[in-house]
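Annotation source TrEMBL lists region 'Disordered' at 41-111. According to TrEMBL, the compositional bias 'Basic and acidic residues' annotation covers 44-69. Residues or ranges marked as compositional bias 'Basic residues' by TrEMBL: 87-107.
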Amino acid sequence: MAKSLRSKWKQKMKAVKRVRYDAKATETLKKILAIQQIREQEEEAKKDAEMKEKEPTSTEKMDVEKDIYNVKTMRNSKNQYPEWITKKQKRHVSAKALKKKKAKGKKLAANPIWKKAIS
């Protein structure tokens, strides 16, 4: 089918509008970018001013009580595991300790001096 005069006219007018609106859009984008650059410069100026105003801070350390953990048992002075340890690690550490305890008991039972002390 051939294009009618009406559709050709509409296409032409849309092209004209497109050109006009594109020009407006580019102007608004340029304004927005200019405003953004001004804001960034102001923020940088504020940061620089704040850095100059700040006095060098003293390097005194705060008194913070740290829990001291035993490396073997992985427990602190209150006999608690650290927060970051997982359940699997807790089981592993406690099983290891139990195994050592049993082995130590077997050694003592096999020791002849211990047998004399019992009887």
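Placed from the backbone N, Cα and C atoms, the Cβ positions cover glycine too.
Quick one: how deep are these features, and who are their neighbours?
Distant neighbours of the compositional bias 'Basic and acidic residues' (44-69): 75-78, 82; these residues of the same chain sit at least 6 beyond its ends, with a Cβ under 8 Å from one of its Cβ atoms.
Applying DSSP to the compositional bias 'Basic residues' (87-107) sorts its residues as follows: 21 helix, 0 strand, 0 coil.
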By DSSP, what is the split of the region 'Disordered' (41-111) into helix, strand and coil residues?
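So the region 'Disordered' (41-111) is made up of 37 helix, 0 strand, 34 coil.
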